[in-house]
Amino acid sequence: AITDVLMFLYVEFIARPRKYRIHNLFEVVTDHWFPQFLYFFQTLVKNAMFLGYTVVAINRCSEIFRFRNHFKFWCPSLIFAIYISEWLAPSVILGPLFYLGNNNFSMVPSPIGGILIRANPEFMKLDALQDIIISTACFLLSSVLYLLTFIHLIQQLPKNMSVPYFTFRKTRNSKLNTPTDLIIFKCAFFSFVLFTPNFAKTIVLCKKKRDNVSTMMSTMF
């Protein structure tokens, strides 16, 4: 939730006003630290979201298939460590990419009247590559985990559907707290589905010519 809020605030108060020139707080600059920081922050938050939703998928699958050890394993200290790692790992990996060498981070005029963040072509291609790798890997892993979880939940449905399924807490042959697990599963899954457009974008990027990568990356922010 914290990562989601940060992404929402960034998009609504920085990315969208900059891209469509809603206000004049952003000006055209060349080889400046400010577009470098904005580019780094948006990439960091986006990668943290990918990792975070993948962890949620692992958590849901863990409760289904490792029920006895689930609550003992997913203790508050582990959850806190994982959350810190979701931010720390991208920071350590992306830091050298963004801050070693001169990548000429700039704010340039957009054809629609706004301002776009740009860097040199080699950096834009490398950034597109890392975006494709992490988003595709997280999407595919989460898809498999949610599919396995969904199949198991379906198998726990009572044979006699005339019995109100949500009126009891557990089926006789299941260790699941059925209503709660289904509700949490639906919340987690439909939050994850929102990343499908980004996955589609990565597929398009793979099929496009390399010269068009920097142009297409601007459609995200």
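The chain as shown is numbered from 1 upward.
Using N, Cα and C of the backbone, Cβ positions are placed for all residues, glycine too.
Automatic prediction, not curation, is the source of TrEMBL annotations.
Long-range contacts of the transmembrane segment (37-58) within the same chain: residues 3-4, 6-7, 10, 14-15, 18, 82-83, 86-87, 89-91, 94-95, 98-99, 105, 117, 119, 127, 131, 134-135, 138-139, 141-142, 145-146, 149, 188, 191-192, 195, 220-221, each at least 6 residues beyond the stretch ends and with a Cβ under 8 Å from a Cβ of the stretch. The transmembrane segment annotation in TrEMBL covers 37-58 (among others).
Taken from TrEMBL, the feature transmembrane segment applies to 78-100 (among others). Distant neighbours of the transmembrane segment (78-100): 2-3, 36, 39-40, 43-44, 47-48, 51-52, 55, 123, 126-127, 130; these residues of the same chain sit at least 6 beyond its ends, with a Cβ under 8 Å from one of its Cβ atoms.
Look at TrEMBL and you will find 132-154 (among others) tagged as transmembrane segment.
Taken from TrEMBL, the feature transmembrane segment covers 182-200 (among others).
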